[in-house]
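What follows is one structure encoded as structure tokens, with my remarks underneath.
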Amino acid sequence: LVQGVLGEVSDRSLLFRCSLKRSLYDFDGGGDSCDSNMNDYDKTTAFLGQWGRFQQIVFFLLCASIVPNGFAAFSVVFLTDIPSHHCLVPEVNLTQDWRNAIIPIEVVHGKQRLKRCSRYRLDVVRNLSAQGLFPDRDVNLTDLEQESCVNGWSYSRDIYQSTIVSEFDLVCSDQWKQPFTSTVYFLGILIGAFISGQLSDRFGRKPVFFATLAVQTFFSFVTIFSPSWTVFFILFFTSGLGQYSNYVTAFVLGTEILTGNVRVMFSSLGVSLGFAVGYMTLPLLAYFLRDWKSLQLAISLPGLLYFPLWWFIPESPLWLLSQGRVEEVETIVRKAAKMNKVEAPQVIFDDYSVHADETNAHPKQHHNVFNLLRTKNIRNMTFILCLVWFTLSTGYSVLSLNTSRLDSNSYLSCFLSAAVEVPAYISSWLALRYLPRRLSTICVLLLGGVSLYFIQLVPETLSDLSVALEMLGKFGISTGTALMFVYTAELYPTVLRSTATGTCSTVSNLGSCIAPSLIHLSEYFKYLPYITMGTLAVMSAFAAFFLPESFGRPLPQTIQQMQSMKCPFIPRKDHSKPVVLFESQL
């Protein structure tokens, strides 16, 4: 969303799991595939054009449906932020001097602050106050016994009216619940992405799209009424199931409806910018809605606006064809032709029924995740790609969730973190069109890793420089995240492409799940998260050097063709016409 996340945060890898998984012509697992299916559909519907009224409606409505995912994905930045707090001092008979001194002072990262989890014993302080003694003059405070916050905590309202931390007292002995809440949410995203892929393959893209939208909207709303943290994190986990699934299904639906350059624009820029716009909207909402319940309400209600889209967004024609529902596809295409004011042929999909019958006569060879470990070449490639995906997802999630700690103005920091994704996605699109994949991946990993390493060298007085370096690191990691979706898909053959991208996606989402705990390491050493991410990025850049190049080369159709892709690169003997996801126009 997420893309990250997801990174993205945003997981485009399931495109290949859903849209390339089924094929009308997959006779023996090693020949024609979903690529030919998609290409044949493009040729058959070429008379519609690529940018008529029908395509414009689908393009903009699906991009608009991604916007709420942007501000919901990282709402945890504000929902789970920890306000300044200290032990609550009840209304008892204390002089003002003792009331000011009852909370001990501690030094954290070179700065003094009130202790958050202890105070001087109230009964002792009350006796000293009654005797007319003064702190630090008559009494040495370091000699006084301390106690825990038996009366609760007092939370600062300078930034937030409330968060779930202040609502459910997720501090001190319960502080582990704060990062665990974010982890549970990302686990919901991980499981939801997997389940939605299976469901959309079986029941269709459109029903799953609106079903997951309903899950996201409803459970985000009911979290407001949570009586306890336990109820909240269960509901929050369930809302995560729908949040990311909605994004993935919308992405797949758009790539299967649109064709040609419009499909490329939608999959590479449309959904990414839609997510970025939503992400940039989040700090604006949080700035005006300082109470966590109000913010959660504002995040959930926009989902209601998208249910009328049922009558405007069609089912995926490719999925319908894979189910043999040719008549429904013809209805959709003829309606699109009418909207685009073009004349449709009398018979559009006559050959598809013939191919479908032939497909049923030939058994398919099924492949699974163990095929990714079958040979040394494929196994090494898979391990390297999983490492890169894990690094990018972890870095993206950490840098996105860490914005509330960057600067005193957490709203501005979050906006900058979101805004930097716009040039990152544009850069990734340009790199995909004109630059080699391996070189691009290595460069963005080094850019992100080195930038994060340098943060520890910046003096405390130059906080703006630290923010700039972190934003530069976020730019590199966001660019790399977008690149890897395409790079991975181009390296694997058709029969393994869905499995490989799904596996890498799962590994990357595990990185998102540990991101909240990685941020928590800063409590022990401020720069430890940056050092960890920088190390991972540099290691991944070195590992990526051993990946094959795929730019401008034919997509491998069989495992044998993939095995010939070695580093240093071996020229191919395949003289078939190249089929690439993004081809240079130079």
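The backbone N, Cα and C atoms fix where each Cβ goes, and this holds for glycine too.
Since we're looking at a predicted model, the values are computed, not measured.
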(message) Under TrEMBL, the annotation transmembrane segment belongs to which of these stretches: 179-196, 305-322?
(response) 179-196
(request) Can you dig out which of the ranges 381-398, 471-488 TrEMBL describes as transmembrane segment? (result) 381-398
(message) If I count Cβ-Cβ pairs under 8 A between the transmembrane segment (57-79) and each of 179-196, 265-289, 439-458, 527-547, which range comes out on top?
(response) 265-289
(message) Test of understanding: applying the rule of at least three C-beta pairs under 8 Å (pairs 6 or more apart in sequence), is the transmembrane segment (265-289) touching the transmembrane segment (439-458)?
(response) no
(request) Compare 265-289, 410-432, 527-547 by their Cβ pairs under 8 Å to the transmembrane segment (381-398) and return the stretch that comes out on top. (result) 527-547
